[in-house]
Every structure is written in C-alpha cells, then in structure tokens.
Amino acid sequence: MARYELVKRSVALITLTNPPVNALSSAVRHAMAKSMERALNDPKVTAVVICGENGRFCGGADIREFAGPLRGPPLVPLLDAIEAGQKPVVAAIEGVALGGGFELALVCHYRIAHFKARLGLPEVTLGLLPAAGGTQRLPRLIGIPAALEMITTGRHLSAQEALKLGILDQVTEQNTCEVAVEFALRAVGKPLSSRRVSMLTTPCTPDLDALLEAVTMQVKKKARGVMAPLACIQAVRAAATMPYSKGIKRESELMATLFNSGQAQALQYCFFAQRTAGKWTLPNGAQWNNSKPREIRSAAIIGLGTMGRGIVVSLARVGISVIAVESEKKLLETGKQMVIGMLERDAKRRGVSASLNLLKFTLSLQDLKDVDLVIEAVFEDMALKKRVFQELSKVCRPATVLCTNTSGLDVDALAGVTDRPHLVVGMHFFSPAHVMKLLEVVCGPRSSSETIATAMSLGKRMGKVSVAVGNCPGFVGNRMLKPYLDQATFLLEEGATPEQVDKALEDFGFAMGVFRMSDLAGLDVGWRIRKESGLTGPDVDPKNPPRRRQGRRYCPVPDMICEQGRFGQKTGRGWYMYDKPGGTNAKPDPLIQNLLEMYRSRYGIQPRNISDQEIIERCLFALANEGFRILEDGIAARPEDIDVIYLFGYGFPRHRGGPMFYASMVGLERVLQRLEHYHQANPDVPHLEPSPLFKKLVACGSPPVQKWREHIKTMHSHL
Ligand SMILES: CC(C)(COP(=O)(O)OP(=O)(O)OC[C@H]1O[C@@H](n2cnc3c(N)ncnc32)[C@H](O)[C@@H]1OP(=O)(O)O)[C@@H](O)C(=O)NCCC(=O)NCCSC(=O)C[C@@H](O)CCCCCCCCCCCCC(=O)O
C-alpha cells in the first residue's frame with residue numbers, strides 16, 4: 001500500500017501503491033504513517049519524496065470507505081505530522097493530485113509536478129468538503145478568492161495554472177520523481193517554517209464579506225438546494241478569520257454535517273453509477289472488457305439538421321474525418337455554414353485551431369463508400385430512414401458500421417432492411433449533440449458485440465457518457481418521459497398551472513421544469529408522434545370520449561396548444577409566452593390560464609389546490625415506476641444506467657442521484673404506497689400501477705439500489 005525505498009543514500013522515497021488511483025484507503029494511511037515514522041526516525045534519511053505508483057500521485061480519500069464505518073488512522077493527524085516533521089518532504093505529482101491527494105501535497109514542504117498533471121479539490125462534487133485541512137491550507141497558500149473558486153467548483157487545474165497560482169514550486173517534463181529527489185537533496189538544511197502552509201497567514205482579502213456573499217449567491221443560483229458549496233464557503237471563511245487550530249475544527253464540524261447527508265450519498269452514488277454505466281454485458285457473455293471495438297478514422301453523418309450538425313462537431317473535434325450529407329443544395333450550404341461556425345467557436349473557446357480540414361460536405365451518398373461508420377440523423381420518419389439504410393447497404397463497403405440517431409424508432413426494423421444487421425446499432429444523441437454528454441447506445445437483437453463496443457468506444461472518445469440500452473419504443477430515456485409528461489398534464493387538468501408544476505420541479509432541483517423543458521425542445525415533435533400513433537388528429541374516432549384514448553386517461557391539452565401554432569420557444573409561444581420567436585425568457589401566459597379554465601369547465605372538472613408534494617410524487621414516482629418496468633423488460637441492465645441517463649440527458653438533479661436512487665432514498669415501501677394511492681384514484685392510468693419488480697423488491701425488504709440487479713437477473717434481458 002506504500003513502498004519505502006532509500007534512494008541517493010539519504011532520500012526516503014515513499015510510493016503510494018493502491019491502484020488504480022492510489023486512493024488513501026485505511027491500509028494506505030496505515031502504511032504511510034509507518035513509512036513516515038521510519039523516515040523521520042532514520043538518521044541516514046535527510047529528506048523525503050512522496051509519489052504514487054503508475055504515474056498517478058493520488059486520487060484522494062477512498063470514496064468506497066465512506067459507505068461504512070470509518071476505520072484506520074485518521075487523515076488529519078497523519079497529514080499534520082508530515083507537515084510538522086523536521087526533514088523536508090517533497091510531493092512528486094504525476095497524473096492527478098485530487099481531494100485528499102491534493103491535501104497530502106499541501107502538507108509537503110515542496111511540490112513538483114509533471115506538466116501533464118491535474119490538481120484539484122473535487123470533494124464538493126461528492127457532496128463533501130476538503131476535510132483534511134484543504135479548506136484551511138489552500139486559502140493560506142493562494143488567497144481567499146482563488147481558493148474559494150477551486151473549492152466551491154471542484155475544478156481541476158493544469159500544472160501550469162497551479163504553478164502560476166503558487167501551488168507548485170516547479171513543473172517538469174522530465175521524470176518527476178527523479179527531479180523531486182534532486183530537489184529534496186537541495187532543500188536539506190534549509191529552514192522549513194515558511195514552508196509549512198498551515199503556519200502562513202491567510203492573505204488579506206479586501207471586503208471579504210462582500211466576496212463571500214457574492215459567491216454564496218452564485219452557488220445558490222447554480223446549484224439550487226445543494227448544501228456542500230455553502231459549507232465550503234463557511235469553511236473558507238474560517239481560514240480567513242481564525243487561526244489554523246480553530247479553522248481545522250470548523251472544517252471538521254462542517255464536514256460532519258455533510259458526511260452522512262442524503263446529498264452526499266446521492267452524489268457519491270452518481271460518481272460510481274457513471275463509471276458502472278459504461279460496463280455493458282450481453283446475455284451471450286460478450287461484454288465491455290472482452291469485446292474489441294473497431295478503430296474509427298472516418299465517419300459520415302446523413303442529415304444536417306440540429307442533431308446532425310452537433311454530431312459532426314462532436315466527431316471532428318476529436319480528430320475524426322467527417323463527410324456530411326444533405327439532400328438539397330440549400331440545406332447543405334446552410335448546414336455547412338452552421339457547422340463551421342460551431343467548430344470555430346468551439347475551437348476558440350478551447351484555445352485550439354478548428355479542425356475544418358477534416359470536413360467534407362456532399363449531396364451524394366456515393367461519397368460514403370469508404371467510411372468506417374455512418375450515423376443517420378434524418379427526419380424521425382421510419383419510411384425515410386428505411387430508404388436511407390437500404391441505400392447505405394448498397395453504397396458502403398461491407399464492413400461499414402451503420403448507426404441511427406433515432407430517438408425512439410425500432411433499430412432492429414432498420415437493421416432488417418440492410419445487408420448487415422449485425423453492424424447496425426442505435427446512437428441516440430441528445431440535443432444539442434455537441435454539448436449534451438449523454439449517448440444511448442441502442443443494442444438491437446442482431447447488433448454484434450463488436451458493433452456495440454465500437455459505438456460505446458466512439459461515444460467515450462467524443463467525451464460522452466455512453467449507456468447501452470435495449471431496443472423498445474423510446475428506449476430508456478424517452479420511454480420514461482411519457483408517464484412523467486402525462487402526470488404533468490393531468491395535474492393541469494386537475495387545477496395546477498404550468499408555472500406551479502415547473503416551480504415544484506425546479507425547487508426539487510431540476511434546472512428546468514417539465515413545461516419549460518417541453519417549450520425548449522419544441523411541442524410539435526410530440527404532437528406529430530401522437531398523431532402518428534392515432535392518439536390525436538383526424539384518425540381519432542369522433543365517438544371516442546375526448547379525455548380517453550386506447551382505454552386510458554388522455555389529456556388533449558397539449559394537442560390544443562399545438563393546434564394554435566404554439567410550438568414553444570421557437571414560435572415565441574408554448575406553455576409560456578416569450579418576447580419573440582426563439583426568445584428564452586418564459587413568462588406565464590394568461591391565454592393558457594384561460595384555456596385551462598375553459599377546458600375544465602367544459603369537462604366539468606372542479607379545480608383543486610394541488611400541493612408541491614403531490615406534483616413531485618406523481619411526476620417522479622411515475623417516472624421511477626416506468627424505470628422498474630424497463631429493468632423488468634431487460635431494456636436497461638441496472639438502475640445505475642437509468643439514473644445516469646436521467647442525470648446526463650434530462651437534467652435530473654445530481655444531488656438527488658437519479659429517479660431510481662431517489663425512489664430508494666424516499667423508501668421503496670413509501671413510494672409503493674403512494675403509487676397505489678394515486679393508482680386507486682386513477683385506475684385508467686396504467687403507468688401508476690406499481691410494477692411487479694417494484695413490488696418484489698419491497699417484498700424482499702427494499703434492498704439498496706446497488707443490490708437490485710440480483711433480483712433482476714432471472715428476468716428477460718435485451719442486454
Ligand atoms: C482520479 C480520476 C480523475 C481518474 O479518472 P479515470 O477516468 O482515469 O478513471 P476512473 O474515473 O474510471 O477511475 C478508475 C477506478 O478508480 C475508482 N476511483 C477513482 N477515484 C477513487 C477514489 N477516490 N476512491 C475510490 N475509488 C476511486 C473508480 O471508481 C474506478 O473504479 P472501477 O471499479 O470503475 O474501475 C477519477 O477517478 C476521479 O475523479 N476520482 C475521484 C477523485 C475525487 O473526487 N477525490 C476526492 C475524494 S474525497 C476526499 O478526498 C476527501 C478528503 O478531503 C479527505 C477527507 C478526510 C476524511 C474525513 C472523514 C471525516 C468524516 C467526519 C464525519 C463523521 C460523522 C460521523 O461520525 O458519522
């Protein structure tokens with residue numbers, strides 16, 4: 001867990017050995033304490049260098065240990081002892097120094113880093129604060145404003161930035177350990193008191209209160225209801241106003257309030273869920289670590305609408321040659337100008353040059369004959385998509401992987417019209433595709449493991465969080481959206497307003513309530529899908545009761561809104577009104593209020609007061625219930641996958657962990673009771689009927705979300 005060597009006859013080299021990130025587990029802390037004691041007590045040793053194995057200094061405390069009782073030597077006294085020691089200690093930082101790893105570096109008397117190293121205090125992203133002295137030492141070293149920014153955002157710094165801020169003493173392109181050993185030898189005999197960061201006086205910040213107030217407002221706005229950034233601010237205030245001995249106590253008190261909080265549990269769950277989600281498995285045993293992806297050097301995108309453009313940008317900025325295809329010259333030219341503009345802005349922001357030379361624009365599918373992979377992003381129309389796939393079968397070489405960006409159509413039906421169904425897979429991007437991190441990789445029953453591995457690995461290369469899902473209408477994300485949207489519109493029928501529903505969801509933590517989100521996405525898309533599926537429009541039998549379709553409760557209000565040409569932000573009117581078409585400032589619209597009042601009176605609905613609790617329960621419990629059905633159907637392999645999809649694709653608040661984790665935090669039994677209650681009141685809403693898996697989990701004593709998979713195993717899997 002820590003290797004001890006004597007190098008250059010007098011330098012103790014202590015290497016943390018806890019792969020993959022040398023986290024400070026109990027065993028590592030124990031080994032470090034022993035190694036430091038040995039070094040400080042050995043008269044031959046004049047200096048110490050601390051480094052990490054495999055080119056990684058340290059990824060911080062072992063987060064997995066936070067789930068159980070804390071054991072082993074506590075970190076703070078261990079770090080204080082390193083700083084107080086009488087021999088110079090140098091941190092040799094390669095790879096990462098994060099969280100407790102960065103705090104370890106801060107107690108060393110000198111810090112040398114490799115030029116590619118990254119440093120930071122990401123505890124806030126885990127619902128915590130840096131509690132091994134980080135909130136007290138960093139402000140003393142670099143001042144309150146810079147420390148506040150680092151601690152409240154959790155941002156990683158490059159070695160160059162850390163050098164400029166005064167965190168590092170040297171950045172090197174050579175072997176960091178060797179440079180650190182030489183540095184340590186030169187430091188022998190020099191006074192150490194000014195190198196002990198805890199002994200420094202925090203640089204004075206003019207108008208400290210105003211600064212802290214401004215940052216508080218900023219974090220409250222950015223992360224509504226999230227506790228950790230506010231606790232971080234209080235801890236940093238202590239560094240400005242208290243001696244280290246008192247400040248460290250304040251840090252520890254604040255950490256104690258966060259440590260066992262539901263938010264910390266949710267955020268730590270998200271950290272692991274995100275990593276678990278990439279680990280896909282098929283029923284035939286093929287999985288992420290035994291399936292080799294194809295190398296993708298060139299790709300083609302068909303369709304230069306909003307999605308297509310975003311996908312082109314995502315591919316080109318990671319160095320993949322892209323051929324973009326449109327059906328008409330005018331559309332091609334518009335798409336081309338948009339893509340170039342997007343790439344140029346993106347490159348400017350990242351301080352690199354735009355990779356325009358990788359792009360080719362064409363009207364001819366014939367130009368795709370040699371590409372490694374094609375992503376179809378044409379209009380959401382099955383007949384059109386089938387024609388494209390038939391054409392691609394003829395044009396592309398037999399090994400080309402064919403992907404569809406459909407947001408819910410049958411991927412296998414598309415595979416079926418090609419000469420290579422095993423090479424067909426869904427790559428469902430989220431709009432705007434160059435910004436949104438989520439990618440659903442839709443595995444058809446005939447998609448080969450190599451094809452799935454290729455799509456997953458391409459997603460990762462583009463910086464996406466890729467989740468493998470099964471093939472069913474709407475896949476995971478959009479399938480779950482339906483019950484969520486249905487509940488929201490039923491609540492309008494019963495007496496709520498769009499702004500009331502949105503406010504309840506935004507207070508819960510969503511960046512945007514469901515109606516504002518629908519306005520942003522465009523209301524016409526759902527309207528067209530409802531028309532195609534016979535739920536509205538001329539095909540509906542006039543004798544059909546207006547508020548029932550296909551034997552279920554149906555709310556026609558969204559159709560009525562669309563019939564008035566209100567398609568959301570793009571038309572300047574939707575559930576809200578906007579200053580102009582394309583405007584983003586949503587204001588409640590009295591016309592919608594009137595429409596709802598008239599609608600209720602036409603159907604004899606007595607409006608009632610609806611509580612925020614009911615809004616949250618009906619929308620989110622219905623969402624989770626569909627998630628259970630998705631698990632039952634084998635469309636998602638585990639609850640973590642569903643949560644990751646909702647976190648990255650639908651703005652579910654991260655500090656709530658995702659819909660499935662949230663249900664488990666509320667308590668499955670309680671959620672079940674509430675669903676049964678709402679289902680009793682709405683027997684014609686099947687989405688409110690608790691799913692069999694849900695009931696089974698409650699019957700098994702409501703195991704934690706990480707254990708649900710054990711109860712799903714026996715069920716039919718598409719993954
Ligand atoms: C490091 C990374 C940037 C690497 O990224 P990369 O993409 O290369 O790799 P992966 O992310 O896929 O990770 C590989 C693998 O490693 C696992 N892992 C990564 N980091 C950790 C970790 N810190 N702990 C455990 N496991 C980790 C990851 O899960 C992968 O595993 P897999 O099985 O999937 O292969 C990147 O990984 C990264 O960003 N890591 C997290 C970095 C981080 O956030 N660090 C901060 C950790 S928190 C911390 O350090 C706290 C400190 O301030 C110390 C505080 C002292 C504690 C005091 C406790 C006081 C409690 C008081 C309360 C008392 C109340 C009571 O009485 O109850």
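Yeah, the Cβs are placed from backbone N, Cα and C, and that goes for glycine too.
What you see is a predicted model, and the numbers here were worked out from it, not measured in a lab.
Features of the protein shown, as given by TrEMBL:
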- 299-471: domain '3-hydroxyacyl-CoA dehydrogenase NAD binding' (DOMAIN)
- 474-578: domain '3-hydroxyacyl-CoA dehydrogenase C-terminal' (DOMAIN)
- 615-702: domain '3-hydroxyacyl-CoA dehydrogenase C-terminal' (DOMAIN)
- 534-553: region 'Disordered' (REGION)
* To do: Write out how many residues of the domain '3-hydroxyacyl-CoA dehydrogenase C-terminal' (615-702) are helix, how many strand and how many coil, based on DSSP.
  => 65 helix, 0 strand, 23 coil
* Residue counts (helix, strand, coil, in that order) that DSSP gives for the domain '3-hydroxyacyl-CoA dehydrogenase C-terminal' (474-578) -> 57 helix, 7 strand, 41 coil
* Per-residue pLDDT averaged over the domain '3-hydroxyacyl-CoA dehydrogenase C-terminal' (615-702), given as an integer -> 97
